[in-house]
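Peer 1: From TrEMBL, for reference:
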- 109-505: domain 'Amino acid transporter transmembrane' (DOMAIN)
- 66-98: region 'Disordered' (REGION)
- 141-165: transmembrane segment (TRANSMEM)
- 205-224: transmembrane segment (TRANSMEM)
- 260-280: transmembrane segment (TRANSMEM)
- 300-320: transmembrane segment (TRANSMEM)
- 332-354: transmembrane segment (TRANSMEM)
- 374-399: transmembrane segment (TRANSMEM)
- 427-444: transmembrane segment (TRANSMEM)
- 450-472: transmembrane segment (TRANSMEM)
- 484-503: transmembrane segment (TRANSMEM)
Amino acid sequence: MATLLRSKLSNVATSVSHKSQAKMSGMFARMGFQAATDEEAVGFAHCDDLDMEHRQGLQMDILKSEGSEEGGEPPLEGDIHYQRDGTGPLPPSASKEACSELSGQGKPKITAWEAGWNVTNAIQGMFVLGLPYAILHGGYLGLFLIIFAAVVCCYTGKILIACLYEENEDGEIVRVRDSYVDIANACCAPRFPTLGGRIVNVAQIIELVMTCILYVVVSGNLMYNSFPNLPVSQKSWSIIATAVLLPCAFLKNLKAVSKFSLLCTLAHFVINILVIAYCLSRARDWAWDKVKFYIDVKKFPISIGIIVFSYTSQIFLPSLEGNMQNPKEFHCMMNWTHIAACILKGLFALVAYLTWADETKEVITDNLPSTIRAVVNIFLVAKALLSYPLPFFAAVEVLERSLFQDGNRAFFPNCYGGDGQLKSWGLTLRCALVVFTLLMAIYVPHFALLMGLTGSLTGAGLCFLLPSLFHLKLLWRKLLWHHVFFDVAIFVIGGICSVSGFIHSLEGLIEAFRTNAED
């Protein structure tokens, strides 16, 4: 009787906690902030799901106690959730159906404005600082690509969500899939039911790890250019930044990480205001004659990858749409977020390029005068360091779930002990991942090349190629001819741009790696 009473009280407390969190989230959104979002394309809704799973661990303990009293059946293997203290996967405690029910009841729904804020943060993060460099090598064609990429990414985001739904026997459109991985697996079934999901997971891991590497690269680059008189090289600054980031290997959940999100948003807001204000102060000297229709054949494909990478958000759109109060507003939300992103990115890239013309650098803040540059770069480095934990944690979670925790299908033994504590060798692997991002940043300290490579490889694949391919595969019988034409055109154009950008970026990286190895 006492156990049952404690269970009921815990249920009430958890319900009150969820309601208060939902109210706070809505309040921050109306103020212009989102309390638990990352600014880059690293899967905010995915990370929110992880944090929600941690909070659901409170209810899992209740199910365990009730199940033991009532003689419930043991749960299905592989249902992974986080414990009360967030130290690791919860031992078997509830059936898959019970977890599903809790997932639907526990997650507070978000409005279209809050969903739009998440998408805006994803596609208008700090990597927009590399867009003026794309204009340098592409001129007006670079501006056109910023618009074209916005249109295509908006369209592929919509068709990706369409792949989540199917018509049932009663003629009603119902949601039968929940994630990008589910869509990929459905396309490869029945011969290879898990192949598509593994491909998507690999692409996601590459993008997340490359994002972490870019944060280390940009931190070392900005600190070196902010204090050029100090006897500290760019590599040394990268090592210092990594030393600060090493505690990320000890992360147990997203509860502590999400607190940094608001600080990231504030830092990015200050950076954009300072850069734009300085550019407007030099409006009389803008070099309009430098913006031409020619392109640099060798470097422009890299610019394509940079532009595509700045729009990546497809990986988390399925879970974001599933958490909206009114999913019918998703299309409208995608329209205004991408229109706003297109306008702001185009204006920012053009204004910055007009200010410095042929002297535009890979990271536009390096062009600022030394007095302003130090302040702006310190804000930017703080934002990069605060943003690093989210993609790192998401990459670790995907790796652990796929390789160490996937029930009987795991490739390696579970990296968590029976008490939920991370084993020493699991912690070593996490530290190795942090060190790997450092080594890549040291040997290939080129922001534009890494960004172009990532955009051409995973960005184009996740945003252009796979959505159009999945749309044709799953819904081809119901598509109108113009939808088929758009999907085929996007697949062909995206494939050409992806291959071209990847080859040129890889050549640049190999050359840079050889140069650094010789030094």
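Glycine residues also receive a Cβ, built from the backbone N, Cα and C atoms like all the rest.
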Peer 1: Any residues 6+ beyond the ends of the transmembrane segment (427-444) with a Cβ under 8 Å from its own?
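Peer 2: Apart from its flanks, the transmembrane segment (427-444) reaches 209, 212-213, 215-217, 220, 235, 238-239, 242, 245-246, 248-250, 392, 395-396, 415, 450, 509, 512-513, 516-517.
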Peer 1: Of the listed stretches (141-165, 205-224, 374-399, 450-472, 484-503), which one yields the highest count of Cβ-Cβ distances below 8 Å with the transmembrane segment (332-354)?
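Peer 2: Of the candidates 141-165, 205-224, 374-399, 450-472, 484-503, 141-165 scores highest.
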Peer 1: Take a look at 205-224, 374-399, 450-472 and tell me which one has the most Cβ pairs under 8 Å to the transmembrane segment (141-165).
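Peer 2: Out of the listed stretches, 450-472 contacts the transmembrane segment (141-165) most.
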